[in-house]
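Features of the protein shown, as given by TrEMBL:
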DOMAIN    A:174-421  domain 'FAD/NAD(P)-binding'
DOMAIN    A:495-578  domain 'SoxA A3'
DOMAIN    A:592-862  domain 'GCVT N-terminal'
DOMAIN    A:883-968  domain 'Aminomethyltransferase C-terminal'
């Protein structure tokens, strides 16, 4: 017959508005749809049935469905940062000016050179990839994988950042109804009348589900329910909101589309609802199944429900002559709808041996030819349906008649949408009479109370007619049809598609069964059945029924694959929501952050903090800036923003006892007014943090932690206090951010602070490792005389709100002293020059204090501390453990960080044995030579020995073992 | 341009005092020194100027005009001098925001997983705003949100983003 393609009917279409035409583009062609169209209906109205290509064979594909289950009509949407691949044309509302492109075809949709001719199918059977790419081995890496990678995936990923915004929102609701069809609305009304807070989530822009399309007075029934629900203040009706997953504790995720239709609306494009539901009512309806007959994938072969949706909802005729093929009564509705729209229905092919229900009778009364025990033997046509070949369903496919047609409406029955029910453990029963898996109300997903947290109503529960609410008359029984005709030949099965996107056919599933695949999960992965973007919504039940047939076992013995969220894909944007750009992470800023920024600080991330790494001036490199900062500090005075250091107050009658357990050293004997350096280990003896503790009063200590360790150490303290020593009288508080802390460091540090005035900071009044309280420059301050650089050093803590004030006053008063702000790298180098360890450099979770020569920081008098027992185990006391030493490069090159020193011989893997590694390495501006620290076997006993550090592609580094203290060994500089 | 869902403003003059003690034993002494009745679990008491909030079974937070903080700190330390207790001025380590307007709740619902809609009138809820810890209580016309000072910019960005005009949570 002449090809006319689908077209817009002259009347009808309950969802479209003919007064508002919308222009859009498809593969560069300018087309026109109507307000209310989906992309699929708009394309059909323009005669465009061919909308894509299948994944494996690049077969021509038209829409098979009209909703979320659509596997074929997937388009690329938009361009630039707003490009989105794999958008379902059947659920994407048409927007004026939309630009759409077809996928997986080259050079064009109609002439795709990738298309595999049908005679080639047999060379691409189930498991083709597994069978083919095993040999020869080298081919995988160099030939197969690059080719497969290039052809993998249907759509293309966008290459630009998404300009849209997204958000999330939390809700706590007594009862959430998923699905705004008539069953869901009825359930919502019942629940709302009892006073519960009720939300109804409808995935489409319209309430009512199938009822307005399928039942004469359906719209009126839906409208009445909506009117009643809208009047109730405890009811919240949300359209365009897709429930994607149900998780433990009634946690329900749903995506609400806010501005998909208008990128210029200035509001978030989509919102992810994170709902705590007291109970979830699943009213998600049912999905129609295709029939497996030869040629069922030719564009123009569609689900019967989709055909009448396009006619009734959008006023679009998928064809002029529509053949209906079915195993149930429901599909007769499509024939009647087609007649009502003035289209031809040359024949209805009913696989059942008789068709006596009300709907078949109505069809006959309208003069439609109804054939029973009838089936399709094949479809004539490639890119569109030209004619249908008929045969007896109970036969093996001998063609009895050929009928011209341009569209086939097929129905293999309906499957309840049990996804949400199943996501969280709800079980299913197979119904032989209805040929479907339906939720078993006796095995629901359960909540914390052991009771059902979800229930199903309407078609989702297996009640396909929902007669109570729709008033539908009873229908006669379905007959299961998994292969059409019953005794189809092998050749026919090669053309019976189960998974239309992945090109999985009846022959593939039967082959898998023949090769020993009995588990439905294994068969799925072997054949890729149900692994397309629709995740088996169209193919799952048909596939497992075919598998059951091939294995000669009942369907429930095969079972279903696992239903996993999301029901339909979520955009990454909704998952990230506000967490992008400036708000990607909470960035922690000290009170002096702005000053550092203004001075051009180069930032180093430390946890969520940003700390100045250095302050480059002009064209200075970072290394040059660091060297300048160090020289200035050692020569005169510098300031370091130490506000990020953890500060934890520990107070109570048992605080001393507690700190003696937390630290390896003795804190209880520290006099008031003094500071002491301490180490914290975990139960396994490994060093996890260090810092200076100050005793503030008889029962109060303030302990400093590393910047990254503040929250962790506070948690560590509270863990022991709350879980082990709950009867000890100790309170802790993390006051890290209460204080701005400034290290004033260098030989001129005291001079500078004295200029600001307010406190006696002389060596007599404030000796090394002492602290004092007072005022500096009129600002209340606590001054700790501690040094991490080896220089005379005062750490001044002031209330955070006055930190910047003090910092600026210091820089004002120290201008003539060449006062220099210095960053973390200068701090690191200065501590390394002094041989001080750094948590995270010298420690890596496997290092104990004894390895670092820090036995002096471990109390011998104490009965116990956290880590003590572990440090007495044989491996920890092993004299062969690697110990801390200094390393002096022999040729003036800086040792690379982390390199290993080799020993004699090789290990079991043929690698060189090792005897040590570099933990810290720098060029010291003070000494003008490279310095390093490392852990070396028997290191402290091997002073002067030379170690070799091989590095790939370079001459080995050589370094002499030395004392780790490179600078001011006698420690006199700390006294100023 | 439509209006923002709520007006977001930072509060700079709040003083805050953290109190940890056995509330059963020391409750009366705290109430007297703070000038407010002891709040129940998850609640605050207030006289319109000061707020005493329940933070945990052994922790309270006194929120008051900053000018009164030093005196209140001394009074509380004095009142608890014979108890095992910890009283600290934590005014400087916090950032506080006012969220005012009809849709203030919508702004918070986008950021906080807690059920703030059903928080009692005198409730105090410790929760998180996106990735940062926070505490929330009501005030006439809206809410007060407190968090750590280091993430003040982050919190402000979150709140202003969530208050985007036209993004109310009502069904549409």
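From the backbone N, Cα and C atoms, a Cβ is placed for every residue, glycine too.
The highest tally of CB pairs under 8 A with the domain 'GCVT N-terminal' (A:592-862), across A:174-421, A:495-578, A:883-968, is held by A:883-968. With a cut-off of 8 Å on Cβ pairs spaced 6 or more residues apart, the domain 'SoxA A3' (A:495-578) and the domain 'FAD/NAD(P)-binding' (A:174-421) reach 3 or more such pairs and are scored as touching. Per DSSP, the secondary structure of the domain 'Aminomethyltransferase C-terminal' (A:883-968) breaks down as 3 helix, 46 strand, 37 coil.
DSSP states for the domain 'SoxA A3' (A:495-578), grouped as helix (H, G, I), strand (E, B) and coil, give 38 helix, 5 strand, 41 coil.
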